[in-house]
């Protein structure tokens, strides 16, 4: 599929979820997914010249609902409230913020729980996808709305990987970027923790090789364990110890078989994810993260990054143990459009990019100033 093959559709009303039909999508692997839909939301008005779009790219279990309360089509509040809106870092008086639910997801976009052409869930038939495939799907969704270039791409974690693929793969389509809490490729540590999460899901008897959607039984136990393990990598060690230490949960005594406070906290995180996420999507998206490598097929990471002309802000979190600062330092050193690594001092670990609003907001401001600086120049 090429961009010109996609018919033009209309932008949704502000905050409304719209399913954008992008037709068939040929993946990096050569496989084809038919009848692909991408869930999309926007905030702010599109300028007459269509040059003020800021793409906000979510992390692994996020969705298109960046800001606002829970409501029809989005059962949870916005995952980055305060970052988008009138007077916010992405000021909707100036910018049109657009967010998609990623290809392979489960919040409206085509993924393993979606119905295939035969009317049955894709399940195990859903092909392996890459971060590059996710970017191609996003670009096709934008093109269906008549948008072929964006002012900026902004994302952290998996969203940062998508933003990186945007600027390296399509530098002519974006004026600036913010890369938060991400690296140029998956590390052995990330792959190790993430394949272990996948193994927990697949060890659940209800997984049924991914074909569980019509059985009435989901691999809930496996998904909860995966989320508990993942959440430990998202938070800082000092933060967790200062909050929970080795305390029991409430009146429970661990010495007498009761739960620890940290144990209860992680169980709660697993329960919350069960209410809104599909295990098949968790596996597919985690596998895509494991294969993330911006240098693949581009003569390696050094060549891929050195050849990217897009002005970029790179940010990292001091206590991030999933994507440690050395990974962002590599990006900052090799991307010619980066003026230097921006360090966010936080004890909150990888999730600092979501919760350190003031510091991250300033990085967004810097990114959009770069977009403004290039607005009068040829693309």
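Placement of Cβ uses the backbone N, Cα and C atoms for every residue, glycine included.
Residues annotated as active site, nucleophile in Swiss-Prot, with sequence analysis given as evidence: 157. Cβ contacts within 10 Å of residue 157 (active site, nucleophile), excluding its own Cβ and spanning all protein chains shown: 25.
Under the heading active site, Swiss-Prot lists 320 (among others), citing sequence analysis as support. Spatially close to residue 320 (active site) yet at least six residues away along the chain are 181, 236, 349, 350, 352, judged by Cβ distances under 8 angstroms.
Annotation source Swiss-Prot lists active site at 350 (among others), citing sequence analysis. DSSP classifies residue 350 (active site) as helix under the three-state reduction.
Counting every protein chain shown, 25 other Cβ atoms lie within 10 Å of the Cβ of residue 227 (substrate binding site). In the three-state DSSP scheme, residue 227 (substrate binding site) is classed as helix. The substrate binding site feature in Swiss-Prot is assigned to 227, 351.
Per Swiss-Prot, domain 'AB hydrolase-1' is recorded for 52-356, and the stated evidence type is sequence analysis.
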Of 350, 351 (the recorded positions), the residue whose Cβ has the fewest other Cβ atoms within 10 Å: 351
Cα-Cα distance linking residue 157 (active site, nucleophile) and residue 227 (substrate binding site), given in Å to the nearest integer: 16
Predicted model, mean pLDDT over the domain 'AB hydrolase-1' (52-356): 98
Residue 351 (substrate binding site) and residue 157 (active site, nucleophile), distance between Cα atoms, whole Å: 9
